[in-house]
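These notes are about the structure you will find just below.
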Amino acid sequence: MVSRFSSHQDRIIHFAVNACLAPLCSLHHSAVTTVEGIGSVASKLHPVQERIARAHGSQCGFCTPGIVMSMYALLRNNPQPSLLDIEEAFQGEVLRSYQSKTFVCSPCWWQKETYMESGWPYFLLYNPSEFMPLDPTQEIIFPIELLGLSKKPLKQLCFQGERVLWIQPSSLTELLDFKTQYPEARLVVGNTEVGIEMKFKNLLYPVILAPAFIPELNTVQRTADGILFGAACTLTRLGMVLRDAVQELPTYQTEVFRAVLEQLRWFAGQQVRNVAAIGGNIVTASPISDLNPVFLAAGCKLTLASKGSLSVKSLVVLQGQYFSAFKQSQRREDDIATVTCAMNVAFEENTNSVRNLRLSYGGMAPTTVLAKETCKRLTGRKWSDELLQDACSLLAKEMTLDPSAPGGMVTYRRTLTISLFFKFYLIVQHKLGFVLEDVRPDYASAAELFHSVFPCSTQLFQEVPPGQNKDDVVGRPIMHLSALKQATGEAVYCDDIPCYDNELHLALVTSTKAHAFIENIDTKEAMCVPGVVAFLTAKDIPGSNRTGPAVYDETVLAEDMVTCVGHIIAAIVADTQAHAQRAAKAVKITYKELKPVVTIQEAISCKSFYQPTRKIEQGNIEEGFKKADHILEGEMHIGGQEHFYLETNCTLAVPRGEDGEMEMFVSTQSTSKTQMLVAKALGVPANRIVCRVKRMGGGFGGKECRSTILSTVVAVAAQKLKKPVRCMLDRDEDMLVTGGRHPFLGRYKVGFMKTGRIVSLEVTYYSNAGNSADLSLSILERALFHMENCYNIPHIRGMGYMCKTNLPSNTAFRGFGGPQGMMVAESWMGDVALHCGLPVEQVRRLNMYKQGDRTPFTQRLEQFTIDRCWEECLSISQYNQRRKAIEQFNRQHRWKKRGIAVIPTKFGITLTSNLYSIQAGALVHVYIDGSVLLTHGGTEMGQGLHTKMVQVASKVLGIPCSKIHISETSTSTVPNTSPTAASASSDLNGMAIYDACQTLNQRLQPYKTKNPKGTWEDWVRTSPVNDTPEIVNLSANGFYKTPDMGYDFETNEGKPFNYFSYGVACSEVEVDCLTGDHKNLHTSIVMDVGNSLNPAIDIGQVEGAFMQGVGLFTLEELLYSPEGVLLTRGPGMYKIPAFGDIPTELNVSLLRDAPNEKAIFSSKAVGEPPLFLAASVFYAIKDAITAARAESGLRGPFRLDSPATPERIRNACEDSFTKLCPPAEAGTYKPWAVQV
């Protein structure tokens, strides 16, 4: 949070900023408060920190400080904020591993009030009465010294950096003089554009002029015809002034003001709006500017000066004039626009005759454009249905785009220009009610602005049995053990480890071509960068350059050929990260290009597959198809997904100076795999390498294997230079080199009876594996294991192919192929229901497995609870009532449709990659003061594994959790560990800990028997017996392997899974048929987690997995060019769910009385199984689209690929507007992006 005295507002202002974009030079005369400054674990927590921790709002914790400071800044300005204020403060905060609902949904959660929803108290998981009250009088005082300095005359400031000169002029005259002296200088107020250009676009601006404090550029002045804003006024201030004006002026005069406010509502996040300036937004001239179309359509006046001033005047509107602005983007909050527009119409007095019309669009040309020809042709016309039809035709002709236009989505963007005008037409028609017939009732909602409803939630779980010992915390919702440290910023992640005195930094040199021979590498310019120490290539690797998690088909550093964009070719080592990155960008590589294979379709065409293929078959599908009443064929594409863990990959390698020893601090899910591959690259035995992990800021499978591509390079550099070497990837680098979830294409042929009973299924899966095998075979196998989801198909055959392409190798991701397999299953299930004209939930229930049935891979279903989950989900979601209400809503609304879907999941639990992975170890030390140090093979990445393992040890040893500590995961304490993956870590490591603790109990039993009234401390001390001291070994290791596992694809025999986790979700959505936008209205989830070890953590995992699935199925889209270049690198282009994407009502219930005899204390795995339940949102969207298509006379099955982005939703809602913008014929143009 930045605090400063604003002379223009004559008060102290507090505002949250993005630290990564705030130049240090811009903070002169400011007080900076970080999360560490408002509270600490050692002293006292701030109430905000306490609440997010104790309300179970933190999981991986990497982004917790940012959320804390957003809330803290809000409370500093307004100790009693409204729910809308809270919503705005969290705009732009993204969700990856957050159990966000319990934190966000608590209304007035900084106060003492309680709140009830649906008869259940929302605070079941914690007791808010125990929270510290917020006392604004105890907050940090703004420094008196700064207050005094702020009132003195402004002085010119100058900061000279290594390559950049930063000048802060004190007056407008000085600014213009400097601009004359340095004509190429950039003007920077918030650094929200220039900062991105310099960081990610490799641009350099040697001179920066900072006019943020110049009085003339901060003025706000009301005039008779509008409000004059200085160009350095921030967007936050713009919003405050306009809101005041809207309250004070007549409604008709504030049309433009309200349009600006509507655009600001979705303009970036609050942290950006706090610093971004109006002038910067204008002169950037972005083709997708949110505000420039408004200024252009409104005819706002811009004052420019060359040695004068820069200001913008927002105009008031006259009577008989109407103004609206619209923005459509992939994600509603904090996203760049796909199309943005503003529309201004003025009528002859008391008529509906158009006197003047201005339609401006962003996203349809290199800059904001006016639809001049359309406006000219419509001026003088009556505002009528005839005008509407002509306007749509004119816009379709005028607002054209080349089929290869940057940004893609050409058909969608063109359709939006028409659809948004139609919305404007309806808005104006309603306001012209005094001369026109009002809007049709079923059209009215199309003209409504988005209304957010503050979310609510319930979390239900089974309490521990009466009489359970209070020290026995298994089954209790205890707080994540790191939550308080995460909330105060004191939790240590890999890059938080203090730098060594002689430490060096590494940057990667990566390929810019997808498939090519390396002809030459020129390092001359790179080696001249200050601080550069070394340039490393494959020749510098002392051991083997071959690497890979399953087969050694990859290189540590490329040798002669690159096989994807992002292929690591070399590395630069320098004294600082900035120098290393700068030098890496200066390396020049020439290539001889080869034709790349990028998409699944291209791989199929040229038969580019990894071996082996896989098949699972049961019954006789040919006989099944003969018996079927109907046969349908179809296909579905499921897009990939970026892990987007908040902490990018990071490695610190420290050579120990003798015998080839090296200590590796790594953000990885697989310590043993890292140890083995580093040892292989260095040419030393594994016992020379120690890999240590404290915690990770998220993993999701992305750090199971792909973290080693960085760790091995860093280790090679450290060994060569005999110094510690560190590298933490930037977000765009991480996304470029690491790969993500496998895109899948599923093709199916399904035979079924008139009743909806499915009798035969043939399905083929193609996965885009990328440029190496990685874990693709195991992922494909799991997709086949889940090809029928929860449905009993008597005749079934599944085939699987891994496509070898020139993309970065795709890898493990939460669900590990299961979601892709089940997604295709729900597609053919929906097709069958539509073809039969039956309710899809009826068809799902009809085909569902029963207790004792066998899967296609012959495994018997035991402790089968899906039927219980299904019935409970229908009950708590009030499904039947919702379905009736939706049908009524859809009859009453033409351009908005609601949909609902109930989706089950059956998810197999075990590590299927190899049998070696289904084992775990633990080491427990008991010290003579009674404290216990616990170590196991699992890593903590926010999923609460360490917390659960402490609970297990506490129960087995019979001591409080406070006596047990987990320091880290290390290969020096527990060797040969399984990766922390496949949701099996609690099962495996919990049993290993149980084994170790039982050994200790057996050793201590004689002492407990002799001293039954003694304490734990008494028993663990050395005990004299017959004057002879006895010493017991207070250290024990434990081991566990899952019994009776193994499966043979050739014979279709064996047992691939230890057990199954089950769940059901019901979701309701509302779709805007004109824009493709959707709202997640409701989700109810029932999840079978057995006897929960920790309900708070398990519910957090359910919510977090569900939201990650919402991203996968409705939002997150990886776009590649036809040449294999990832176009969506970083948060600017790749959007993961934000707070506003959480369903307005989200209920989670853990199934009661469902113990699982095959896991520790009857619990079940929970990390991955809930993710697929987000498919309920996708299929609810498809249900709504079905209703929209019916309005156009379209019925029956239709294809909807995943994710269900606004583009796909709008294009599927075919109507008269979409017909005006037909897509270009495939093959006649080169697309901007391809579906991989």
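Placed from the backbone N, Cα and C atoms, the Cβ positions cover glycine too.
Listed features, source TrEMBL:
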ACT_SITE  Glu1168  active site, proton acceptor
BINDING   Cys20  [2Fe-2S] cluster 1 binding site
BINDING   Cys60, Cys63  [2Fe-2S] cluster 2 binding site
BINDING   Leu187, Val188, Val189, Gly190, Asn191, Thr192, Glu193, Val194, Phe267, Asp290, Lys327  FAD binding site
BINDING   Gln669, Phe700, Arg814, Ala982  Mo-molybdopterin binding site
BINDING   Glu704, Arg782, Phe816, Thr912  substrate binding site
DOMAIN    159-346  domain 'FAD-binding PCMH-type'
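Taking Cα separation as the measure, Ala982 (Mo-molybdopterin binding site) is nearest to Cys20 of the binding-site residues Cys20, Val189, Asn191, Glu193, Lys327.
Phe700 (Mo-molybdopterin binding site) has Glu1168 nearby among the recorded positions Leu187, Glu193, Glu1168, counting only those with a Cα within 10 angstroms of its own Cα. Note on proximity: among Cys20, Cys60, Cys63, the binding-site residues of the record, the Cα nearest Phe267 (FAD binding site) is that of Cys20. The average per-residue pLDDT of the prediction over the domain 'FAD-binding PCMH-type' (159-346) is 90, rounded to a whole number. Note: the Mo-molybdopterin site is recorded as Gln669, Phe700, Arg814, Ala982; in the same chain, Gly699, Gly701, Gly702, Glu704, Ala812, Phe813, Phe816, Thr980, Ala981, Ser983, Gly1167, Glu1168 also have Cβ atoms within 8 Å of that site's Cβ centroid. Sorted by the number of other CB atoms within 10 A, the binding-site residues Phe267, Phe700, Phe816 start with Phe267, the lowest.
A straight line from the CA of Glu193 (FAD binding site) to the CA of Arg782 (substrate binding site) spans 44 Å. A 10 Å cutoff on Cβ-Cβ distances gives Cys63 ([2Fe-2S] cluster 2 binding site) a total of 21 other Cβ atoms nearby, all chains included. Cα-Cα distance from Asn191 (FAD binding site) to Gln669 (Mo-molybdopterin binding site): 36 Å (rounded to the nearest whole number). Cys60 ([2Fe-2S] cluster 2 binding site) and Gln669 (Mo-molybdopterin binding site) have their C-alpha atoms 13 Å apart, to the nearest angstrom. Counting only same-chain residues six or more apart in sequence, the Cβ atoms lying under 8 angstroms from the Cβ of Lys327 (FAD binding site) belong to Gln263, Trp266, Asp290, Ala337, Val339, Thr340, Cys341. Among the binding-site residues Cys20, Leu187, Glu704, Arg814, Phe816, none has a Cα sitting within 10 Å of the Cα of Cys63 ([2Fe-2S] cluster 2 binding site). Cβ neighbours of Cys20 ([2Fe-2S] cluster 1 binding site) (same chain, under 8 Å, six or more residues apart in sequence): Gly195, Lys199.
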